[in-house]
């Protein structure tokens, strides 16, 4: 996933004294995208694991019909278990991949970002660029995962678009969680464990196949609830429930805001000047 | 009011404890422009802690730091982004410092002799070359005050000598330079040796530079 040419911080006109050679925002964006997309293991997981995971999960699901509760209308949809399972399987794999990519990149670059901030990089610029980079990477992961789903199921354009939107919201949520853990957690294992456990629990519980209690109200308090409702409603229930997509985006925004505040605190100068 | 010029660096009464372990107990350090100061002391005496406190990467319990110009800090362990190449590091820090050219960066890279690695990711560099890049990033904006925490770890002899040529140049250009060192044989290079003992600094002028103004 190379950064596009448009993202490059093009050198300014040389020989114009006083004009910075590299703009802070384009430079930070270009390198943030680069560091997040250089994770080879995540790329490999995305390319190979996602289609395999779909295959595995659908073969487990079989052709059984399941009842899925749509909270906006209160109706119980009778849906093909395979289809719901494909959506949860997609969400499940992209929670792990996007969380892992962002967590790993943010954690490894934290001291370096601190050094940049000390060297005069505006923290808000660094934060903005990092967030936009997370958006670009998350969007790419979601798009690929939604495209791979077409191998097993063609839900129609609106249906597919709602699945893609749900996926994007989920990658943003787990990307932001990765950011939060990346600035909070001291070592790799703790962060990976929290992301994997969190993502698995969250997405698996939403599927009536794996969890007979999947239609219980308690599930509303999980991050994947909104995107799952949105995607299932759009692809299997002919209802586009924007409010539920909003719930998911709220989770993403909350993780991101807390993560960015911690990032700001951890990269500020402590020099005792009075 | 005195007419005495402002020191390049004035750290006053710095206290820092890690839990119950008091590392700095009122350390003072004053460095004038053009002064080359060595901070010496046993392992664990708090030399790196002192430099981190002055650089602002570590919070202190009490004390005050004043700088008379721009600061360059070279941490003991290289702080780099392993996914980015040498050139990308230079560009990133040129953006941070809003530099209008990479001329100084090019000079430093060539002086420290690692031009051929400019396109190599930091993660694939040897320890010594990483340290060269670490040092280059601290010097990129031609700062007035330099804090160097064992800056030549992993340097071969040739690079070590070039490092001292570089420091001599900075010295001549009236930069204030503070270096943490363990090497006894190089101590005569400095204007002042500051011993860090029990959390406080005790200055002494070096034998050959008795005439210099020990301002610690």
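Cβ coordinates come from backbone N, Cα and C, glycine included.
These numbers come from a predicted model, not from an experiment.
Listed features, source TrEMBL:
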type	residues	note
TRANSMEM	A:41-62	transmembrane segment
TRANSMEM	A:82-106	transmembrane segment
TRANSMEM	A:127-153	transmembrane segment
TRANSMEM	A:159-185	transmembrane segment
TRANSMEM	A:192-209	transmembrane segment
TRANSMEM	A:244-265	transmembrane segment
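Counted over residue pairs 6 or more apart, the CB atoms of the transmembrane segment (A:127-153) and the transmembrane segment (A:192-209) come under 8 Å in fewer than three pairs, which marks the two as apart. Of the ranges A:41-62, A:159-185, A:244-265, the one with the most Cβ pairs under 8 Å to the transmembrane segment (A:192-209) is A:159-185. Sequence-distant contacts of the transmembrane segment (A:41-62), counting only residues of its own chain at least 6 positions beyond either end whose CB sits under 8 Å from a CB of the stretch, comprise 1, 81-82, 84-86, 88-90, 92-94, 96-97, 100-101, 104, 141, 144-145, 148-149, 151-152, 209.
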